[in-house]
Amino acid sequence: MKKMSFTKMVASGNDFLIIDQRPKAKDQRLFILAKKMCDRKYGAGADGLLILEKSKKADVKMRIFNADGSEAEMCGNGARCAALYRVIEPKSQRVKAKIKIETKAGIIEAEIGGDRVRIKLTDPKNIKLGIPLKVKNRQVKVNFINTGVPHAVIFVEGVDKIAVEDIGREIRHHKKFMPAGTNVNFVEILNDDSIKVRTYERGVEDETLACGTGSVASALLYALRYTPKAGRINVFTRSGEKLKVYFDFSGGAATNVWLEGSAKKVYGGIYYA
C-alpha cells in the first residue's frame, strides 16, 4: 500500500486536494487516483485533484483532474488554491507574493495577500451570444464563452429556484457543445455591478458551491450584454462567498481579466493508495 502526502484547500466553497510532485514527478495513473481521492464517501472528498509539477515556463506547473477523473485545461479557484499553497507550503525557499502558474490553458499570474488570492486569466475566446437551444422541450437562448474551459451562461430570474442539476446536465451534454461538453452557469442580475451565479460543473457532474472560471464567464457576458463600461463585477456564489472579477473591454473583447477571492488551507494528510 502506497502512502501519499496531500493538502486539502478551499477557495470560495470549491475544495481541492493538492499533491506536490516536485522535484520528481511520479509515474502513476492520475485519472484513477483523482476519482478515488475525490470520492466523498471512500476518499478524502473534493471537487478536484491538483497535481503540482516542476515548470520550465513558470514557478510551478498545475495539472487539474476533475472528480470524475477527466483532466481539465484550467480551474480558476484551483489556481488560486495552488498559488496560496506555493507560498505557505514548507518546501518553499522564500515567501513570494507574486507567482506564475503553468496550465494547459496558458500561463496564469497570481498575487497573494493574506487569505486573498487573485489570478490573471488568459484572455477569453469563442464568445457567442443568443445561441438557440431546445431544453426540457422549451426554446432557450444560451450564451457561450471560453475562459480557459468552456462555459454556457443563461440569464434567469430567481436563480435559487432553478433545477441546476437537472437542466445543467442536459445543457452540459447538448449536441451543440459536443464532443467536449460545457460547464453551465445560471445567472441572476442583482444590480448594476453584482450578479448571483450557480454552476453545474463538467467533470464534477454536479452543482458546486463555486466555480472560478464560471464566475468570470458569467461576469464578462453580463458586462458585455448589459454594462459594457463596467470594469468590476461582484459575483455571489452558491457558498455565499463573494468573488470579484476585474477586466478591461475594448472593441467588444475582454482583456486584463482578474479573479479575486478568499482561499485557505483546510488540513494536510496521508492518503493510502
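Heads up, the Cβ atoms here are built off N, Cα and C, so glycines get one too.
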### Task
Can you match one of N66, N191 to the substrate site that TrEMBL gives for N14, G76, N77, N183, E201, R202, G212, T213?
N66
### Query
For C211 (active site, proton acceptor), what is the secondary structure by DSSP, using just helix, strand and coil?
coil
## Note on the structure
Same-chain residues at least 6 positions away from G76 (substrate binding site) with a Cβ under 8 Å from its Cβ, in sequence order, are I119, L121, T147, G148, C211, G212, T213, G214, S215, V216, L259
### Message
Which secondary structure state does DSSP assign to R202 (substrate binding site), in the simple three-class scheme?
### Response
coil
### Query
What's the CA to CA span in angstrom from N14 (substrate binding site) over to C75 (active site, proton donor)?
10
### Summary
Cα of N183 (substrate binding site) to Cα of C75 (active site, proton donor), in Å and rounded, measures 12
